[in-house]
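Per TrEMBL, the features are:
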- A:6-27: transmembrane segment (TRANSMEM)
- A:39-59: transmembrane segment (TRANSMEM)
- A:65-86: transmembrane segment (TRANSMEM)
- A:98-117: transmembrane segment (TRANSMEM)
- A:152-169: transmembrane segment (TRANSMEM)
- A:199-218: transmembrane segment (TRANSMEM)
- A:275-295: transmembrane segment (TRANSMEM)
Amino acid sequence: MEEIISQIFQVGFFAAIIRIATPFVFATIGELFAERSGVLNLGIEGIMMFGAMTGFSTAYFTSSLWLGILAAMLTGMLMAALMGFLTVSLGLSQHVSGIGITMLSTGFAFFFYRLIFGQPSTLPNIKAFTPVGIPVLKDIPWIGPVLFEQTTLTYLAFAVVPLAAFLLYKTPWGLNLRTVGENPHAADSAGVSVSAMRYQGLIISGALMGIAGAFLVMVQFNAFTFGVISGRGWICIALVVFGQWGPWKSAAGALLFAMIDALQLRLQASSIIDLPYQVFLMMPFVLTIVTMMLVSRNARAPSALLIPFRKEER
Amino acid sequence: MAFRLELREKTPIWFNIVLPLSAVMATLLLCSGLVALAGANVFHAYSELFLSAVSSRFNLVETFVKAAPLIFTGLAVAVAFRAKFWNIGAEGQLLAGAMAAAYIGGIESLPSFSLVPLMIIASALAGAGWAMLPAILRTRFKVDDVVTTLLLNFVMFYVMTALLDGPWKDPLSGYPDSPDIRMDAEFPILLHATRLHLGVLLSLLAAPMVWWFIRRTTLGFSISVVGENPSASAYAGISITRILIYTALISGSLAGLAGAGEVGGLHFQVMSGISPGYGYTGIVIAMLARLNPIGVVLAALFFAVVVTGAEAMSRATGVPVYLADVIQGTALVTMLIAQLFTTYRIRTLTTQG
């Protein structure tokens, strides 16, 4: 037992948690913006996939990782705007629209990847982002290598959390967004455009989901594969519920989840426990369901979530 | 001149045909842009996509064979969505059904005549059991069913691949496949020199049965009431929890049956690629059919043509085979938009009012 512990709990393990948490933080905070405005964005899985694909392709051809990130962001914003057209402008079912956006985005990602790269015998790859140590801080024992020798994207992800908290709770814009998600009629009477706020919430969500997808191909793996997202988006939906629709708690959920994921990777590699690797791959999904079971009963979603808003219907 | 949306009182019956057809037309029009982008002639590509499926007697039968699992998953989703039980988990339920069928079909001690009926029953039970989980989670723990059904698809897939890689691996095969089922467990072929098996017939029979169930039974009626107006159903003394559980059982067993046909009629074993997303295509099919079981058959045949035709099209024109995925997504979105015309009508307002 002691051997297991010493094998797992090393500096590298904690650094891995932070790295693994990064895409979950981006996408979860993204989903949070959409849901606080009253729209459940189930397009998340597909948007991450499409963002990963456009991000990868752009980085591949321009040799600029940051242009890739930009492309992924724009892709996410575009698909989220389409989600807004369906659910906000037309008031269609958020559940089915979201599944539609995911299927469409995934289809686009596969189609364009095959169109651009064909079926090469070796997987096209890019030079991934490398960690950037922050001077002085990185020399702090333990904490330095864990927190301050990460990629720039990871620093950005953890900067997004306080930024989201500030925007949501400390600005008039955030108050409007939250009111639209809780009581759209009140917001409307106060002269706030419900649809404008919901579009904004969605487009922010799309941008962050796009970056999350791009992170996976630009840091975690340095190539695009059709299994690159494999359910991570759906887990983020659960993380928002776990985090009670708050940015800090949701990010904490992402970290907790990343710890489980890092643990399963270590256990899988260490051969301490002799189980088929699929059992480890399954673990995050099972744990997510169990967590949802524990928290959902007391969870209080934004009141207007899933309900389309039409001015004339009261 | 101005337009406004007005609530419609009744949906004209011809909408059931016109709306899906317009959605499909719009989808093909939108996707033709991608075909052109891929450098192919749109008419050539589309004729390859659609005509190869009907070009010979064999291919025509094959289209029905391909449609069978899609009819089952389409029906599974249609029943579930009627109650607004968002079962996105037909994929996992299909896998559960396939594994149950393959397991029963391999048991040496069972009498030969009992194999096929037992496989069918077992697959339905397995699918229903796997669908129960999200239904209980929703009714007892208030967990969103979309998320759980989606997550459970991944769980079932990994359960299956773990078994196929380990204890259930066929020792004679180099691939992660289960051992072949017994010869007597193979579904009878209904048409000589084709692959038209019992499962295809079952899928075609299931559609009118589900139609009858929805239209003519109290439980079927309650399912629609719970979906359309939960507060009224509670007022009428219908237990929403009970109806949702029944819905999940029926939906799950239909999805499970899709797996039985694939194992008993086509592959005679389980392998990791046994379903190329039939469960997800079922969602598009059910929506295109406006949740009507008879419409599900037509929509399933359409997607059977698209999914198989995409490969012929890709070989002939070089357009990526994934056009089929884009078509599915686009069809779902365009159909959703077309649905608006069932609840609203567009009124032209003149300035005089």
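The backbone N, Cα and C atoms fix where each Cβ goes, and this holds for glycine too.
Keep in mind that what you see is a predicted model, and the values were worked out from it rather than measured.
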Proximity of the transmembrane segment (A:199-218) to the transmembrane segment (A:98-117), 3+ C-beta pairs under 8 angstroms: no
Positions whose Cβ lies under 8 angstroms from the transmembrane segment (A:39-59), at least six residues beyond its ends: 23, 27, 30-31, 65, 67-76, 79-80, 83-84, 87-88, 94-95, 97-106, 108-109, 112-113, 116-117, 126, 198, 201-202, 205-206, 209-214, 216-218, 223-224, 228-229, 231-234, 236-237, 305-306
Tertiary contacts of the transmembrane segment (A:98-117) (same chain, 6+ residues out, Cβ under 8 Å): 40-47, 49-50, 52-54, 57, 79, 82-83, 86-87, 124, 224, 226, 233
Residues of the parent chain within Cβ reach of the transmembrane segment (A:65-86), under 8 Å, 6 or more residues beyond its termini: 30, 34, 39, 41, 43, 46-48, 50-52, 54-59, 92, 97-98, 100-101, 104-105, 126-129, 153, 195, 198-199, 202-203, 205-211, 213-214, 218
